[in-house]
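Noted in TrEMBL for the protein shown:
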- 26-47: transmembrane segment (TRANSMEM)
- 53-72: transmembrane segment (TRANSMEM)
- 93-117: transmembrane segment (TRANSMEM)
- 129-146: transmembrane segment (TRANSMEM)
- 158-176: transmembrane segment (TRANSMEM)
- 229-250: transmembrane segment (TRANSMEM)
- 271-295: transmembrane segment (TRANSMEM)
- 311-333: transmembrane segment (TRANSMEM)
- 354-379: transmembrane segment (TRANSMEM)
- 385-404: transmembrane segment (TRANSMEM)
- 510-528: transmembrane segment (TRANSMEM)
- 540-561: transmembrane segment (TRANSMEM)
Amino acid sequence: MEKAGGAPSVGGSYPQKNAEILSSQYGINLFLAGLLLTFAWAVHAVGISKSHLLSYLITLMLIQLLWMLWYLCRSCTQRRLIRDKDTHAGARWLKCGITLFAVITLILDSFKIGYYIDFSNCLSPTEGIFPVTHAVHTILQVYFLWCHAKDIIQSFKTLERFGVIHSVFTNLLLWTNGVLTESKHQLNEHKERLITLGFGNITIVLDDHAPQCNCTTTTLCSIFSQGIYYLYPFNIEYHILASTMLYVLWKNIGRKVEHHQQHKTPFKFHGITVGMIFGLIVLTSTIAIVVVYLIQIGGSKVKSELALTMFYLHAIFVLALMCTAGIVALLIYRLEDRSLDNSKNPARKLDAELLVGTAAGSWLLSWGSILAIICAQAHPKYTWYNLPYSVLVIIEKYIQNLFIIESIHREQEKVNDDIKTLRIVTISRGSTLSLTPSYKEIYNGTTAHDNGEVPCLFKGSISGRENDGGGGAKEETSQDKSLVMHSASDFSFYSGNSVANNKRRILKNIAAFLFLCNLSLWIPPAFGCRPEYDNGLEEIVFGFEPWIIVVNLAMPFSIFYRMHSAASLFEVNCKT
């Protein structure tokens with residue numbers, strides 16, 4: 001193992017690259033083994049039970065817990081050492097987001113523990129051990145990410161690569177397990193709804209993993225079983241966020257960074273009122289649509305068709321607004337002449353790759369719907385709304401990805417250093433005063449001379465007071481003229497920037513609006529409002545099982561895309 005020391009040798013990069021390749025292959029094999037075990041349980045493979053899958057996940061979590069404890073202990077013993085940090089990784093708002101999802105995940109674990117207690121007579125002990133281990137794992141992992149997400153590890157690099165990549169794929173497997181469990185529950189509900197839409201020719205076979213015994217407390221069992229599935233979307237987002245943060249930590253191991261001042265970009269509500277208002281309107285209306293959809297769908301054929309029509313019309317309107325906002329933002333960027341930051345940054349590169357990669361899930365579903373509409377022989381009225389909806393989904397993601405990726409690569413505009421360090425020495429009736437006008441005063445052109453004082457800039461120090469003679473008056477007059485010219489040039493500088501300020505304000509409002517819109521569009525699929533399941537037309541064209549497989553594979557990426565876009569747009573709003 002290598003320890004941090006002096007400058008690495010010329011050949012030092014080879015073993016490090018080798019360690020990176022070995023650790024990545026270890027992680028991939030770890031993930032594939034777990035993925036195959038998950039699939040075997042899902043299809044009721046002979047000899048594979050849920051306890052086998054949970055035992056594998058418990059083992060992975062325990063290994064990660066041991067590694068995190070070792071890393072934390074070693075960090076405590078070396079806390080006086082100055083370590084390099086990646087200022088772009090582990091933003092505070094991202095840590096707050098993952099903490100919120102982790103708290104809800106802990107509630108989910110408590111529900112699972114309660115569910116196990118009520119069904120303890122016929123459930124495997126691993127189903128009780130798993131939520132306890134997962135709760136401890138969640139608490140320690142969130143603490144670890146809060147304290148060390150920005151670390152650039154320079155010691156024990158080979159060991160740390162294996163530890164971090166193990167953590168990445170452990171979270172990915174926990175995410176996969178959550179997605180599968182939630183998808184199976186959604187699929188059972190979807191099969192029951194298809195009958196109400198008149199698709200009786202589809203074979204309905206419920207995939208039930210319910211315990212084969214009675215619950216000790218019926219009311220509590222109902223609360224736990226229903227509550228678990230409403231909390232799964234937050235658990236899924238928690239694990240995917242944790243895996244991305246850990247992946248950035250893995251990419252930063254052994255990285256050499258340039259030390260430069262990091263410009264803080266706090267979030268401010270000032271100047272984004274319009275975007276927030278329109279975004280909150282979209283968010284409120286979306287929540288109302290989801291509630292009505294879940295109540296109406298499956299009730300009767302007429303109610304189900306009305307629910308689908310209502311969903312499509314609302315989504316078409318929202319997506320059209322988002323496309324318009326994105327186009328306006330891109331046009332503003334075309335009018336600006338600002339260079340792009342092309343420096344190497346693992347966090348920023350990962351953000352861009354995730355945006356395009358996860359968008360492919362929605363694009364796959366949209367193209368499937370478009371082909372189904374074109375090829376289907378019979379078209380119920382509500383299915384025609386699916387065509388503009390699917391087209392807009394493709395276009396909106398295309399435009400939004402361009403806007404976000406360009407925004408995170410644009411260099412931040414810096415304030416003129418001459419204005420920031422401006423010092424004005426004021427002479428008034430023989431007294432010397434020092435005045436530093438605020439940004440607002442300079443912008444409005446109201447400095448000290450508006451009150452009868454005469455500010456001037458000196459290259460040297462003031463050694464004495466001026467006489468009241470004529471020569472002094474001429475000198476003061478010339479200084480007045482020089483001051484007026486200097487003040488006018490400052491005013492024209494800031495007046496010229498007023499257009500840029502207006503553009504920036506528009507961009508911030510657009511980013512705020514798109515942020516809330518992406519949160520709004522995350523809610524429907526995350527909580528069971530999925531017309532791709534309930535439409536029914538795609539099942540007829542492609543077949544029930546093939547289309548359900550496509551939806552189950554693509555939907556998690558579509559859901560993650562919305563949350564990741566919202567996080568990226570929050571960063572864009574802070575940076576603009």
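Any Cβ shown, glycine's included, is placed from N, Cα and C.
Note that TrEMBL annotation is computational and uncurated.
Counted over residue pairs separated by six or more positions, the transmembrane segment (129-146) shares fewer than 3 Cβ pairs under 8 angstroms with the transmembrane segment (540-561), which leaves the two as not touching. Take the transmembrane segment (385-404) and the stretches 26-47, 53-72, 271-295, 311-333: counting Cβ pairs under 8 Å, 311-333 has the most.
Note on the transmembrane segment (93-117): residues 123, 127-128, 130-132, 134-135, 138-139, 141-142, 145-146, 149, 216, 220-221, 224-225, 227-228, 231-232, 234-235, 237-238, 241-242, 245, 267, 567, 570-571, 574 of its chain, located 6 or more positions outside it, place their CB under 8 angstroms from a CB of the stretch. The transmembrane segment (540-561) is not in contact with the transmembrane segment (311-333), judged by fewer than 3 CB-CB distances under 8 Å for residue pairs 6 or more apart in sequence.
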